[in-house]
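Here the structure comes first, spelled out in structure tokens, and everything after it is commentary.
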Amino acid sequence: MGIREFPGGAPRGKSIAVGMRRSPDVSPRRLSDISPQLRQLKYLVVDEAIKEDLKWSRSVEDLTSGPVGLTSIEERILRITGYYGYQPWAASCKREERPRDSPGPAEAQAPAGVEAGGRASRRCWTCSPAQLKKVFWGVAVALCVCSSWAGSTQLAKLTFGKFDAPFTLTWFATNWNFLFFPLYYVGHVCKSTEKQSVKQRYRECCRFFGDNGLTLKVFFTKAAPFGVLWTLTNYLYLHAIKKINTTDVSVLFCCNKAFVFLLSWIVLRDRFMGVRIVAAILAIAGIVMMTYADGFHSHSVIGIALVVASASMSALYKVLFKLLLGSAKFGEAALFLSILGVFNILFITCIPIILYFTKVEYWSSFDDIPWGNLCGFSVLLLTFNIVLNFGIAVTYPTLMSLGIVLSVPVNAVVDHYTSQIVFNGVRVIAIIIIGLGFLLLLLPEEWDVWLIKLLTRLKVRKKEEPAEGGADLSSGPQSKNRRARPSFAR
């Protein structure tokens, strides 16, 4: 029977009870009819070969599934030995006789049933309405990020033809950050059921900085450094637009994603991922190839260095924010960005004045300033930051990040018709390499596990399709004959 005994004889202690719960579908029988050796039933083990032959039987399932929900050991051995008229290998034996636990949420959502041909239907993997809504919002947000970022870049390039003052433009656009918290409060009043006053909401958001709220010490230690990094990031980016074309600037700025990963790995001790190391290498290779595309001229090298420095400042800003302040809610992020605008007004205003009087950034009269371009650039940059910081409320972060890389082909098309840019082979390869590295950095941490699961499902589906096709062919003529045969019964 494939059952062997462990040596050692009968177990010590309490003897095996003779009384046994009756099975509802069998006739009663005394245990004494079998053998007195039932005392050693606890030491019985089923051979692996027999387990494989009887893997669909309930007896082996009971022996291997643990103590929960099992019947008595006597009843199990009676099934194996064929008593009670129970044949586990018989076709009439049902594998599932007792109810299982209720399926989890994922199983409950996936409909399963039996098709008309007797084949078990495959699980249907469908997106819920909430997920579809997030995807549609993600497309809209990605297009908004792409248009605002590419539009601000092109408008800045156009502004420098009339107003050659990148730092003044940076200062003017950063002042608009003051509007973050007022705009957030308007949204809070419109959407929230429990409306709070401005003072109450402000005090609640100030808890982000600590128990004491926003004090003078907190302002200079936790807000001022980020104000400096914000100003440097935007100034270096705008100054690079003066030196090189907007396509190169936008694609090189995408390297900040790789710099964020490297700094997070070193400073924050984030998880090491080989694919992200490859992405960082691709970003560095793209920077070198972009420099080579124009022949290492001093003008282009300075512009590329400025963009790389801007991307580095952006990465440092993000990593330090996570290190010193952690994660922020929407109201806290809005208050923080408004504080950066206040810091810019109070402490950075002196720098454009100094640059004006030293004639580093000089304009003849205020009437010559293109206020429309300045305001348009500021509005686009404010829109970009609002969507990038608060778009996570309606969609996935990965779809939002795609908007940044999508701005590269938009800028390339505009540069093709408005400037004398030459898309040689080296430049195109550099753009593709940096874009590929950016997309690799968007992969989630468990991307390899998901990929293995996807390949496994595809392999199982390919194996099921020929079997189902054969079943359809075999059952097809029989079903036709049955339908064609007339019935004379009345």
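Glycine is no exception: its Cβ is also placed from the backbone N, Cα and C atoms.
Summarising the annotation, TrEMBL assigns compositional bias 'Basic and acidic residues' to 22-31. According to TrEMBL, the compositional bias 'Basic residues' annotation covers 480-490. Look at TrEMBL and you will find 1-31, 462-490 tagged as region 'Disordered'. Taken from TrEMBL, the feature transmembrane segment applies to 135-156, 168-187, 208-230, 250-268, 275-293, 299-321, 333-357, 394-414, 420-443.
Sequence-distant contacts of the transmembrane segment (394-414) (same chain, at least 6 residues past either end, Cβ-Cβ under 8 Å): 134-135, 137-139, 141-147, 149-150, 153-154, 246-247, 249-251, 254, 257, 387-388, 421, 423, 431, 435, 438-439, 442, 444.
Annotation: stretch 420-443 has the most Cβ pairs under 8 Å to the transmembrane segment (275-293), among 208-230, 250-268, 299-321, 420-443. Recorded stretches compared: 135-156, 168-187, 208-230, 299-321; the one with the most Cβ pairs under 8 Å to the transmembrane segment (333-357) is 168-187.
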